[in-house]
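In what follows, a single structure is set out as structure tokens and then discussed.
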Amino acid sequence: MSFEGIERFFVQSWLSFKALFGWIEPKTYFFVKVLNPIFQLLFFCLLAKYSFKTNDLTPWVIGNSFLLCIYNSIFGIGHVFVMDRYAGTLKMIIAAPFNKFLTFFQRGFVHIIDSLSTVAIGLIIGSIVFNVSFSNISIPIFIIIALVAMFSVAGLGLLLGSFGLVTSSMNFIANIVSMILIALTGANFPIETLPNSIRIISYCLPITRSIKAANLLMNGGSTQVIYSLIVKEIFVGIVYIALGYMFIIITEHIAKRKATLELY
Amino acid sequence: MITVLETIYSTAKLQMKEAVTRPTFRFCLLIQPIIYSLITYKMFINSGHDNFVAYTVLGTGILTLWSCICFSSAGDIERERYMGTLQVIYNTPTNFKVIILGKILGNTMLGLLPFFISFAFVRLFLGGDMYIKDPMAFGISMIITIASFMGISMLFAAVFTLSRSSRILMNCIEYPVFILCGILFPIEILPKWTIPLSYILSPTWAVKLLRLSVEGLEGNDIFCKYFGILTTITIIYFILSNILFKIIDNKTRIKATLGVV
């Protein structure tokens, strides 16, 4: 890839990011990306405080902060094609002699970085409000866990986004997936309490292992187990990206055959 | 009067048909109660509450009812504007507020469905059981709860019509109300400075009233007190929304912004 190509990649990423959420206005960004995630985090942590009758809310602060990345990774990346359809540019993207997956990936790239800021805000607010201390842990490892979590959820977002070529109900799909992530990744209750059949779904989801690894790190758990969970989470992310790539080829074919590129 | 009731009935019917065609509303109505039930059931199972299933079902039902209000009632005027039908509705011989009331009634009726979905899910898939110690009080509480949710919907519909940031607000009022109204935990666990905010929101009193009737009344005093407060707040909401709708009427006639997207 030439320098011009790399530059175009980042320019496209940035423009798509700005256009998707209309973040030219700082007020919109503040409400959608700062205030709303904070309230989501506070709600689930307070619920845990009351239902589990505990004052140590470390696992819930970590789990629910990680989950805040769904605003970017699921709703942001998942809506890339839908927003292009509304802007009237989807036909041009499909017709362009350029790798669709790369186009798609460049549009989601800034979301991955931005989701880290939301997660960081969640962790900072959560640690202040609920007295969670990060002083006794290895911060670089914690950052690696967070990065790996964002990567694997972005993989799921890429997979979901591919469906945007054949359906106009992406909001419905994104909402279901985000709720499933809140329920089944172990952020709010131990996944061991779920029936076996549902537990399999939990292990197939991104973030499950990252939350477990971060909680182990906070509790001084085995480094080997933590590293093994990180590697498994990376693998989950790669699988989702591969599936996303495959599904874009399939859905592009279906969209052309069924003429759903302009399905509103 | 009969014409007004007929308008409310037919608008509510149309609204119910229209609302279920929207994917986000379908999500709020059908999927959200199931997932919230699972989360709250699993979180409360070892809480020591002997009637925690009632807590789960009621909490989930109210959470979802509120979500339906956020994503439908509060945004209905804005939606009509985007569809280009707001001017038509506004200029019909029937009072605009009556039509909005009909829409809100339709949404609220649909919003009651999650209570049953949540109960059925918890009963059939999680094996949970619940009891209502005072069904009569529960019935009365439910009626005033529906009225109060309609009142707050009218108020939000008016506020959101006046605001240029209605879509942002719509997405951002969900969790603050979940927290402030103590839908799944008592407001006493919140910082003291937030309590006055909780008290001016009708869902706080609706939840208190419903929980009281589920747990059983030891005396009528507290029930009557909560009932009185909730009724008063609901009346205030309707009065405020009436004033706001008059302001909207005035503004739209001066600025001619009914069709401005």
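Using N, Cα and C of the backbone, Cβ positions are placed for all residues, glycine too.
The domain 'ABC-2 type transporter transmembrane' annotation in TrEMBL covers B:13-211. Annotation comment: TrEMBL describes B:23-41, B:53-74, B:104-126, B:138-163, B:175-195, B:226-245 as transmembrane segment.
Only residues 6 or more beyond the boundaries of the transmembrane segment (B:175-195), in the same chain, are considered here, and those with a CB under 8 A from a CB of the stretch are 40, 55, 59, 62-63, 66, 201, 203-204, 207-208. Recorded stretches compared: B:23-41, B:53-74, B:104-126, B:226-245; the one with the most Cβ pairs under 8 Å to the transmembrane segment (B:138-163) is B:226-245. The stretch with the most CB contacts under 8 Å to the transmembrane segment (B:23-41), chosen from B:53-74, B:104-126, B:226-245, is B:53-74.
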